[in-house]
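Here's what TrEMBL has on this protein:
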ACT_SITE  D325  active site, 4-aspartylphosphate intermediate
BINDING   D325, K326, T327, E423, F464, K487, R521, T601, G602, D603, R661, K667, N690, D691  ATP binding site
BINDING   D325, T327, D687, D691  Mg(2+) binding site
DOMAIN    45-87  domain 'P-type ATPase N-terminal'
DOMAIN    713-966  domain 'P-type ATPase C-terminal'
TRANSMEM  76-97  transmembrane segment
TRANSMEM  209-232  transmembrane segment
TRANSMEM  252-277  transmembrane segment
TRANSMEM  744-765  transmembrane segment
TRANSMEM  777-797  transmembrane segment
TRANSMEM  826-846  transmembrane segment
TRANSMEM  866-884  transmembrane segment
TRANSMEM  896-920  transmembrane segment
TRANSMEM  940-961  transmembrane segment
Amino acid sequence: MGSRPISPHRTFQILDVLRSIFMSCLFQQVFYEDFPCTIMSSPFFFQTNAIKTSKYNLFTFLPLNLFEQFQRIANAYFLFLLILQVILSFFNCPISIHERNTRFYLLLLSSSEPLNLVYIETAELDGSVNREVHCEPPNNRLDKFTGTLTFRDQKYALDNERILLRGCTLRNTEWCFGLVIFAGPETKLMQNCGKTTFKRTSIDHLMNVLVLFIFGFLAFMCTVLAIGNGIWEFQEGSVFTAFLPRPDGVDASFSAFLTFWSYVIILNTVVPISLYVSVEIIRLGNSFYIDWDRKMYYPRSDTPAEARTTTLNEELGQIKYVFSDKTGTLTQNIMTFNKCSISGKSYGMNHCWDLTKTEKVDFSYNPLADPKFSFHDHSLVEAVKLEAPEVHNFFRLLALCHTVMAEEKEEGNLLYQAQSPDEGALVTAARNFGFVFRSRTPETITIVEMGVQKSYELLAILDFNNVRKRMSVIVQSPEGKLSLYCKGADTIVYERLHPSCSKLMDVTTEHLNEFAGEGLRTLVLAHKNLDEDYFREWSTRHHMASTTLEDREERLDELYEEIEKDLLLLGATAIEDKLQDGVPQTIEQLSKANIKIWVLTGDKQETAENIGYSCNMLREEMTDVFIISADTPQEAYALDKSLEQELLRTACMCKTVICCRVTPLQKAQVVELVKKYKQAVTLAIGDGANDVSMIKAAHIGVGISGQEGMQAVLSSDFSFAQFRYLQRLLLVHGRWSYLRMCKFLRYFFYKNFTFTFVHFWYAFFCGFSAQTVYDEWFITVYNLVYTALPVLGMSLFDQDVNDRWSVQFPQLYSPGQLNKYFSKTAFFKCVLHSCYSSLVLFFIPYAAMYDTVRDDGRDIADYQSFALLAQTCLLITVCVQLGLDTSYWTAVNQFFLWGSLAVYFAITFTMYSNGMYLIFTASFPFIGTARNSLNQPNVWLTILLTSILCVLPVVAYRFLLIQLCPTINDKVRVLRGTVEMTGSGLCLLISSGCSCTCVESFLSAVPCSDLHGSCTVSFK
């Protein structure tokens, strides 16, 4: 959670001026309207303060929604078929509320606090703190604002510290007055919000391509059959005109034209509407699995995982790049003061210490100590009690050099509001060791030193920024002593130390290296005493520089450099930035799944690097570390179109990518860069409003419902409370969803192409008359009843391995990244398989029925008996194929499969009964066909032979594939079967001399030299 206070020292001098302006307008009516304004010497016209965050309005809903729906090509295909059938027979999104509000960002004038101090909570703007600003028109830079206020011929400098941005939360403040600067879409937060796009999965895009191909293939088949009809009518049609007379003007060509459109309707079952209905049901079911997953439920905040969309589940199984925020996403935002180095001596916990046996330091002697603070090195407390000057100066610096605000609702009960968690941890540490920061005003800082309250006059604050990488304060003690206290990055502070500190610097550097090796965040502390005359002259020049509009930053930097030199080294601090539970393990598992993880953060470089080491993204053996900071010219130009490919190429050669100091818009630009050139599925995960653009830009957006508000969650596709749940979301739910969807599509295309191709072959035996090979009722209920539930059962419950094995072997995830389960190649294999099956399903029954008689000598070779035999063979064959495709059988699968077959025979005998014929003579012409055909042994023998011939090549191919070229899934299933036969768990015992395990060798198909040696696999 990032936060910052308004600088009390800088704000004080213009409060009276601002109050005067405000009071002169207090009782006047305010109008919001466009008005001219001059910014950077150029005219600018402001927009209204209306903000539109809805996707549709009353007028745009229908056209925009239709546009999005017809991005799915199949919907246009279905509309075309509907219009065609209507011609021949005669001759989804709710409206969002349009939000209008007056959100803006404003110039602070006054507040309810006695000294007009306001504490700003910037959780929604994480990454925008502690930065210098410049004068600009409305823009998307959260870290920059520079202007001047002219009042009574005097100019006052305005900067980002005096601006309340939209998205901030005022704390400890009952009311405040402000002057609106920008409103509506001109606010920085709104200009950082990316455009909402309608996200579709890669399978959806592939389906659009396949539907176009299918439509072309359908046109090709219909053309062939239409040509066949024209030839047949020309050669044979005249023979039938005696009892089938043609209307006037109808010849062979016109008959072929009508036949073409008739076959378009008959053969349209290659892509039925039920396909897309089933797809949405499957996606909805898989979304419920995510919502119901107790292993992704976080009990501390009572937060379950939530699938906020039902259209992107299978995309979770194809992620190649993960873009993650840092603060609040990888970390808990909880800092602890672990170690320090003071005057060449290191204090704090040692790795060899057993914390369970080491007593915590007792701070009961300090009534203002924080009871939550813990420390285990008693020697530091003894040094404080012995009043060692260096130790006291060390903690005095921590108590004075900061921008923390203190709240004391009850006597002795202090609550610190810090601009960053690490600053809060340092002030808390000083508090417990006897140097308690008590309160501040615009001109003073009050602390309690070893029980004695002292008030220091605050003369200047030398701000931190990413270039300076340090912060300093100049204070005057009650005794009149002027001092400068500085804390910052080691390399920066070292350059400004007095030459007499060289030996101490060497010792402190050793301690810093030790701290960094443990993944701790470090700062170096230094101080110096100032001459009063020199400071008075320096202060005059500082005021002039701070009120100028041109080159303000450069002039201030020169003054800061001048006074921050010849410092005396005090020591260093080491803080642990606590990661969320399971972050390193999650990153390691995702890396094994060949998922690239990039961290995009607004924090400074040192913070980003430390987190990289903490979560094992960066390791000590990585000797070459290249850093690109978003505030440097290199990064600014690297995202330019002319250099973006070079940036991407360089980043992709690295094992780990961490982008620091990036704005929300730059985060989205990095995501778009990878999407554009790598053609890979991306996922962005974050917890704050500054992550919204990134979440919207990625294929999948995941929101962490933590301490940074709900804007990231509201903009996301999936949400949960902890980063570690991402592992289960991808490796379990994502992989299962992708596997199930691919199985569904392959099977659905197989059964429908097989169904349709039989029509095609039959056309050559019916004079291309557009007569259907099946009973019309069978055609109607084939997809709606007979084959709907079995394939849904497989697509909702199937799993190649269970969730435990999916996490244990993240390599199972890689086939989804390579589109191995469903692609154009897989589709054409399905078409070829369907072509073969349709040939068997047509010609075997045709040959079996040709010139065949019943046991009683009656003829059975009629159209209705053949249609019944063909459709029965088809249904049993596709059911057997479904059984072969199912990896995980449940009672539901069994019920759907056998129930569908039972329903088929029940409906068939009912529809072909005498009663139905007598009631609806025209609708049920197949009277008695079922009972007369299905009581013949040769019919059942034909059904058995046809089914075997259809599935035999599939069984043989899969057997040979597993034996000769097994996939990672096959290997894990074999291993799982071995474990299930020998015990309930798998234990790998690896001796110290073994470089690989038998299981890894087995999965990678690389021979293991230790297979029967020192590397063993035991089951228990």
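Glycine too: its Cβ is placed from the backbone N, Cα and C atoms.
Under the criterion of 3 or more C-beta pairs below 8 Å, with sequence separation of 6 or more, the transmembrane segment (896-920) and the transmembrane segment (866-884) qualify as touching. Ranking the binding-site residues T327, N690 by how many Cβ atoms sit within 10 Å of each one's Cβ puts N690 at the top. G602 (ATP binding site) and D687 (Mg(2+) binding site) have their C-alpha atoms 13 Å apart, to the nearest angstrom. It is 826-846 that, among the stretches 209-232, 777-797, 826-846, 866-884, forms the most Cβ pairs under 8 Å with the transmembrane segment (744-765). The shortest Cα-Cα distance from D687 (Mg(2+) binding site) to any of the binding-site residues (T327, F464, R521) is found for T327. Here the transmembrane segment (777-797) does not touch the transmembrane segment (826-846). Their Cβ atoms form fewer than 3 pairs under 8 Å, with each pair 6 or more residues apart. Between the listed recorded positions, namely D325, D691, the fewest other CB atoms within 10 angstroms of a CB are found at D325. N690 (ATP binding site) and D325 (active site, 4-aspartylphosphate intermediate) have their C-alpha atoms 9 Å apart, to the nearest angstrom. Mean pLDDT for the domain 'P-type ATPase C-terminal' (713-966) in the predicted structure: 91. For the pair D691 (Mg(2+) binding site) and R521 (ATP binding site), the C-alpha distance works out to 24 angstrom. F464 (ATP binding site) has a Cβ environment of 22 other Cβ atoms inside 10 Å. For D687 (Mg(2+) binding site), the count of additional Cβ atoms within 10 Å of its Cβ stands at 32 [all protein chains shown].
Cα to Cα, the residue listed as 'active site, 4-aspartylphosphate intermediate' and R521 (ATP binding site) are separated by 18 Å.
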